[in-house]
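Participant: Before we start, here is the structure in question, set down as C-alpha cells.
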Amino acid sequence: MAKKRNIIVGQSGGPTAVINSSLAGVYKNAIERGFDKVYGMLHGIQGLLDEQYIDLSTQIHSELDIELLKRTPSAFLGSCRYKLPEIHEDKAIYEKIFEILNKLDIYAFIYIGGNDSMDTIKKLSDYAILTGQTQKFLGVPKTIDNDLALTDHTPGFGSAAKYIGASTKEVIRDALGLTYKKNMITIMEIMGRNAGWLTGATALAKSEDCDGPDLIYLPEVPFDVEKFLAKVKDLLNKKASIVIAVSEGIKLADGRYVCELGSVGDYVDAFGHKQLQGTATYLANFLAAECGCKTRAVELSTLQRSASHMASRVDIDEAFMVGGAAVKAADEGDTGKMVVIDRVSDDPYMAATGIYDVHRIANEEKLVPREWMNKDATNVTKDFVDYIKPLIQGDYQPIMVNGMPRHLVLNMKKGRKK
Ligand code: F6P
C-alpha cells in the first residue's frame, strides 16, 4: 500500500486577525493537491509534544466553514510561545517529535508564526537533514508586528494597522469633543515590542477630516522624558486636545522600558520577552502631574490583533495565499524555508509570493528605518504611510448572526487525538 502523504499545521506566537486565513489556505490547498489528511497541532509544537492534534476534516466541512475561518480572529488551533532547545542540548525532544511525525505519516510540517516561530522551523529542518529524515518544514509568515526579515510585510500587519488607524481617528474625534476651554492629553499605547510599524500606523488617521496624532514615538529611537515633556508643554500652549501615540516598547537611553518606570509584572516568556504594558498609563499619570490637566491612557492591547470585523481584504487574501504557497512549496520538495510576500508594484498594488531560507529569517527583526521618521523622531514620513496604505484596502464583511460576527471555533468533541 502506498505511503500516506499527510500534512500537519500549527500556529505559534501572538495571534492576528487573519492567522486563520492562512490556516484555511493551507487546508484548502492541501486538499486540492490530494494530500490524504491535514492535521492541526493544538497549541503548536508544545501541544504536539503532548500528542495533542486533530484531523482538520473533523472541523472544516464546507466552503462556508473556510469563509468563517478566514474571518475568525485568534489562533483557531491554539498558539504557544515555546522555544525548542538547540539540537545538541536535548536530542530526546527531537526524537520524540519525529517519532510522532513518522507515526502520523507526515510529509510536511507547516508552521504559521513570526520570527521566534521560524526558529522552530529552522531547528526541525536542520535536525531532519542531519538525521536523514524526509519530512519538509515550511514557515508561513504571521505577525501584527511586521518585523519579519525579507518579506515586504507580514500577514496580520495590514489588518492591525487598519484598526489602529481607524481607532486613532475615533479617539482624536472623541477627545476634541471634550476639550471646551480646557486641555486634555490622550496617550495611546500600541503593540509591536521592538518594532514601530504598528505605532507608526496611527499616522493613517491623518486625512482630510483629521489632523492625526500630534506626536508618535516608536521604539527604534531612545525615548527622552525631558524632551517629551517640553514638546507636550509647547503643544498645550497651541491646542486644547493633544493625542500622542507611543509604542508599548519605547525605551530610555539606558535600555529600560518606559513601562518599567511604572508598575509592571515580572512575567517573561520562553523567548525572554518581558510582558510590555502600562506605558500609556505611566506617561498619562506623569503628564497629569507635570502639566496639571486631564489625561487619559488608551491601551489598544489585544483589540488591535483580534479586530477581524474590520480586517483588510488585502490582508485576508494574502494570508490565505501564503498558506497555500507553503503547501505548494512543500509539495515541490522545498524544506527549511519561509514563504514571503514580494511587492510587485505600488500602483496598482500587486504582490506575489516568494520563498527564502528560514536561517536568514529566524530570530531576526526588521525595524522601521530611521529615514521613515521625521527629524526628531516624533512622527513618521509620507513614505512610511505610502508603504502601509495598500495593505489596509478593502474589507470582508463579517458573517453576521443575530447582529454579531460568527466565528468558526474548535469543536473538541470531534476528532481530538489522545
Ligand atoms: O508578537 C506579537 C505581539 O502581539 C506583540 O506585539 C506583543 O508585544 C506581544 O505579541 C504580546 O504577546 P502576549 O499576548 O503573549 O503577551
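Heads up, residue numbers simply count up from 1 along the chain you see.
Placement of Cβ uses the backbone N, Cα and C atoms for every residue, glycine included.
A quick note: this is a predicted structure, and the numbers were derived from the prediction, not measured.
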Participant: Among GLU67, GLU86, GLU248, GLU260, which residue does TrEMBL name as a further substrate binder in the site formed by THR143, ILE144, ASP145, MET191, GLY192, ARG193?
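Facilitator: TrEMBL lists THR143, ILE144, ASP145, MET191, GLY192, ARG193 binding substrate, and from GLU67, GLU86, GLU248, GLU260 it also lists GLU248.
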Participant: For the C-alpha pair, I'd like the distance in angstrom between GLY14 (diphosphate binding site) and GLU248 (substrate binding site), rounded off.
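Facilitator: Counting only the Cα atoms, the answer is 15 Å.
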Participant: Using DSSP with the three-state reduction, classify ASP116 (site 'Important for catalytic activity and substrate specificity') as helix, strand or coil.
Facilitator: helix
Participant: If the substrate site is taken as the center of the Cβ atoms of THR143, ILE144, ASP145, MET191, GLY192, ARG193, GLU248, which further residues of that chain fall within 8 Å of it by their Cβ?
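Facilitator: Other same-chain residues near the substrate site: GLY14, ASP147, ILE190, ALA195, TRP197, LEU198, GLY249.
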Participant: Select, from ASN115, ASP116, LYS142, MET191, each of the recorded positions with a Cβ positioned under 6 A from at least one atom of ligand 1; if none does, say none.
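Facilitator: Near the molecule: MET191.
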Participant: At a 10 A cut-off on CB-CB distances, which of the binding-site residues ASN115, THR143 has the highest count?
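Facilitator: Answer returned by the neighbour count: THR143.
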Participant: Among the recorded positions listed here, ASP116, ASP145, GLU248, whose Cβ has the fewest other Cβ atoms inside 10 Å?
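Facilitator: Ranked by other Cβ atoms within 10 Å, the recorded positions ASP116, ASP145, GLU248 bottom out at ASP116.
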Participant: Using a 10 Å cut-off between Cα atoms, which of these recorded positions sit near ASP116 (site 'Important for catalytic activity and substrate specificity'): LYS142, MET191, GLY192, ARG193, GLU248?
Facilitator: none
